[in-house]
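Now, the feature entries from Swiss-Prot:
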type	residues	note
ACT_SITE	Glu232	active site, proton acceptor
ACT_SITE	Cys266	active site, nucleophile
BINDING	Trp134, Asn135, Lys158, His159, Ala160, Ser161, Gly210, Ser211, Leu233, Glu363	NADP(+) binding site
Amino acid sequence: MPIATINPATGETVKTFTPASDAEVDAAIARAYERFLDYRHSTTFAQRAQWANATADLLEAEADEVAAMMTLEMGKTLKSAKAEALKCAKGFRYYAQNAEQLLADEPADAGKVGAARAYIRYQPLGVVLAVMPWNFPLWQAVRFAAPALMAGNVGILKHASNVPQSALYLADVITRGGFPEGCFQTLLVPSSAVERILRDPRVAAATLTGSEPAGQSVAAIAGDEIKPTVLELGGSDPFIVMPSADLDEAVKTAVTARVQNNGQSCIAAKRFIVHTDIYDAFVDKFVEQMKALKVGDPTDPATDVGPLATESGRDEIAKQVDDAVAAGATLRCGGKPLDGPGWFYPPTVVTDITKDMALYTEEVFGPVASMYRAADIDEAIEIANATTFGLGSNAWTNDAAEQQRFIDDIEAGQVFINGMTVSYPELGFGGVKRSGYGRELAGLGIRAFCNAKTVWIGSSKSGDAGGGSKVE
């Protein structure tokens with residue numbers, strides 16, 4: 001895949017970039033490693049917080065310009081892109097305010113371990129490689145960058161090849177915010193370069209957000225090198241609606257949850273599992289609202305759904321829908337790519353889906369909603385868990401006992417009750433099963449690339465850890 005900005009609304013190649021050479025990659029790694037050796041000791045939390053807040057200021061001041069860039073590169077609506085830029089600022093501010101507390105020493109009961117003092121100290125690991133996707137060009141990377149930099153790590157970003165301008169902007173704005181040169185660098189390289197970077201002994205760890213095959217590849221390399229990783233992979237999130245729910249509010253939120261970011265979000269609701277007593281009413285209302293969405297130019301403020309980011313992505317969801325309909329599924333609306341330039345696919349609703357269809361088993365990365373009828377809560381949970389993924393989930397019910405069942409029994413990294421799955425700096429984010437492992441954001445995210453070092457300090461009168469016979 002070329003490293004280029006290709007406008008998905010027109011298919012026009014706007015700008016191409018020359019990939020970094022092997023020598024440039026080596027120089028970037030060396031620069032990052034040398035910077036880390038100094039940065040981890042010479043900077044305080046207060047200094048890093050000042051730079052993080054300054055970076056947030058720039059993101060806010062440049063939000064309109066940044067939004068236009070993201071819209072040009074991957075097709076999200078301008079209003080969505082601006083919200084993303086502002087969310088990035090919020091992420092930097094959160095860690096500027098909270099990093100020192102989140103990484104404070106955790107005292108242990110020294111007496112129980114025969115010590116004068118004992119505690120856990122969190123220290124940065126070093127150079128962290130971030131392999132990031134195109135769907136949230138800045139926010140996905142900031143979820144790593146803000147906590148990593150505040151913890152004392154340094155980062156190298158290998159971004160998706162279709163968002164090079166976003167990738168370069170992020171490194172630039174972080175440096176303009178005051179972080180020393182080399183703390184955060186973007187390398188415009190193909191995916192084939194990831195192995196070489198990750199195997200370099202100066203690179204301590206990796207984080208990846210992307211497809212399952214990409215995650216498997218990075219995990220295999222990191223495992224061979226014994227390097228820690230965080231993987232945030234695909235999702236096929238359920239959106240369950242029970243009879244006690246506010247139906248109109250559930251439908252409204254469900255539509256938003258499906259078409260957010262033009263349907264290209266790992267945590268977008270994709271499978272709508274509705275109790276049989278309200279199934280027909282829910283589907284009718286949902287279809288009506290999906291039909292009313294405006295598809296078109298993502299720079300038009302009136303547009304609800306823009307193009308898919310890539311031609312191959314548009315073709316993939318078209319095939320998933322076509323194959324399902326050919327096998328007996330029912331198309332309630334949408335279902336055909338729009339004529340004309342660009343990679344547009346309309347909001348689509350499919351019912352009567354069976355287990356042998358790709359719509360049932362695969363992630364659908366576009367504005368396509370799959371509908372399922374459930375006889376009771378047991379069947380709803382069974383359908384929700386009948387996937388290899390386990391990223392986010394949504395359940396709508398005002399019954400407290402049902403809420404607890406969903407919290408306890410849905411196999412996912414996140415359960416949102418009477419709402420839609422959203423990432424917040426204040427909440428840990430990640431999945432289970434084939435949606436990955438490890439966590440981003442909040443305290444879990446900043447500690448993900450820290451050495452949790454156990455510290456045991458004996459009294460000056462005793463060098464015997466444990467005070468007598470010891471068992472490892």
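Cβ coordinates are placed from backbone N, Cα and C, and glycine is handled just like the others.
This view paints the features noted in Swiss-Prot onto the structure.
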residue	record	CB count, 10 Å
Trp134	NADP(+) binding site	24
Lys158	NADP(+) binding site	24
Ala160	NADP(+) binding site	24
Gly210	NADP(+) binding site	23
Glu232	active site, proton acceptor	29
Leu233	NADP(+) binding site	26
Cys266	active site, nucleophile	30
Pairwise Cα distance for Leu233 (NADP(+) binding site)/Cys266 (active site, nucleophile) [Å, integer]: 7
Pairwise CA distance, Ala160 (NADP(+) binding site) versus the residue listed as 'active site, proton acceptor', rounded so that it is a whole Å: 15
Rounded Cα separation (Å) that holds between Trp134 (NADP(+) binding site) and Cys266 (active site, nucleophile): 12
Distance from Gly210 (NADP(+) binding site) back to Cys266 (active site, nucleophile), taken between C-alpha atoms, in Å: 9
Glu232 (active site, proton acceptor) versus Lys158 (NADP(+) binding site) - Cα distance in angstrom: 15
Separation of alpha carbons, Glu232 (active site, proton acceptor) and Gly210 (NADP(+) binding site) (Å): 7
